[in-house]
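Notes follow the structure.
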């Protein structure tokens, strides 16, 4: 009830805000900085390092958009948001885009009036339990206490899953992943449930990771992606294609290592030439210049490079690509053709 | 007859020392720790509890690791022994104290502001010091603003000039009537601010002496201290005004005060903070929002002012009616009676309550972490625990935060006790 009132107010104000500011792209160019909403800290996706520089998989999407629009991947004002403040920040115009492990759902799309421009990470909700519990399937968790982040889709999925399997549970509501970790380690809850990527990164930090198992059950689809407001399709296109450029670059084998020579001398492959602005006028169509994709790839690399650096084998988390492999390798990452 | 006595002592026996059971530590232990069976049981249980806690804490502290670069390395060094991973403090201390975006080469600026705060607060807190020092106290807020936020010095200067003009107008006009002085002062101050604000060139901040730091870049314990100091010092006068307003005979002023106090006291602080961070954004056009720090300061100040007003109203109510009548019989007008007779006594009675609110307020500043400001707790819960190196370090970080807060809150409490002793004029 309370939520729907807030969302209603958010929607109304959002519509008026959109009416007031016509072109986000022009606003960003005039400001010279991209206001990008991120988390207050999720391992691998967004967190400031010891020097205070934001790093992570979601952060790279912000940097890609900034590189494309402003020509400088550091011209980003990162606005930290919590699960509860993220949507109001976006609809109130405080941020230009939200890149913050946000699940694409129908109601967020249609009711909250947001446009999800793509899916940069296909996740699913899983369960982690201590090994000693001897549980092998989530269906055996009858009567368990479950640590769950409030205000997220995981909360709703959990209720659905337990209800449809006709088993009971006791939720332990928590605010952040860090808090959940502590509660789980201290034994306040038997089960910790959240997106599988976060379970993996959480488990990696435990003193004895092998004492905990991530169950095989994935109970939800969690397509996480960058989001913009409804009503500004030009801006949505820019963000969408900045992200698609990352995936297309990996499909075409363009990396941050070979981008210099490819941008210099072109390639035999017309698709690469179109992406890098050697042929056609793709950049102009987006309201950008011809080198937009070159700047993106030089700044953050292609999708695969960003994944490996932040989440994959080169990071402490060591996630496998899984569903996030390219479609040619059995995954779901697929960029519409750049033409 | 007397000669038949074998022995008569002519001098006194030297006093012998009391038996060992009635003196020294032995007696103290017997009287205080083992005086009865229940006391003995309690003593033994307490000693056992302290021993258990120390057996965990002491090795943990003593084995602490200070110079690794991640939690994993800490665990390698410790080889399974219990031990703290204090390396997180030695690597991230600057983020804990200043937030992660405050420019490192400018740390001296908040440090200087903190040292100067001691000089500015001294004449207010210890009134035996020369009154001339209050001049620096008046300048301090503007100086501290300039030091911490940087940018052009013209901004704080104009703000200061506005107050000076207001004060000057008040002194000139208040001879006629208080109202003329009050409104004259407000008009004068706003005139200076508007004209002065217009005269500052748009680009003044760009090549100023101190680089400008936006509010969003403030963080860490510095943010807690700034919020605490600003809000306490603003809410005290506001609280006094509200308490007096609530006792006023003028229905409008009384009504406004009552509604304000009851409304603000009836709403949780966290709700006010959400309003400040989320809802207020809707009332402003996207590019002209009021600074988030200012919004939060306004909300916390309102909140604590309502509480302080009620504490002071308690002090006012505790004064015998004779004090008010005595002031009237001397022919003092309202401001004089309040300033000279009523408030000094009422405030003295209210000191414990006011300090209680101040300590609570200071700790409540950590609530700003839920509206994604990176204060001390927000910094720990968010960025530091979300970094791949330090994900999973809790006791060390939160223990350090608790230590910082304890030092400040204990200091405030000690000061208030000194103040109570210093102001004690009764002979209870």
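Backbone N, Cα and C atoms are what each Cβ position is placed from, and that goes for glycine too.
These numbers come from a predicted model, not from an experiment.
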According to TrEMBL, which listed range is transmembrane segment: B:17-39, B:40-62?
B:40-62
Range among B:221-244, B:365-388 that TrEMBL annotates as transmembrane segment:
B:221-244
Tertiary contacts of the transmembrane segment (B:256-284) (same chain, 6+ residues out, Cβ under 8 Å):
242, 245-246, 248, 290, 292, 295-296, 298-300, 302-303, 305-307, 309-310, 364, 367-368, 370-373
Within the same chain, where does the transmembrane segment (B:340-362) have neighbours whose Cβ lies under 8 angstroms from its own Cβ atoms, ignoring anything closer than 6 residues to its ends? I mean 6 or more beyond.
224, 228, 231-232, 235-236, 240, 300, 303-304, 307-308, 311-312, 314-316, 318-319, 323-324, 326-327, 332, 405, 408-409, 412-413, 415-416, 419-420, 423
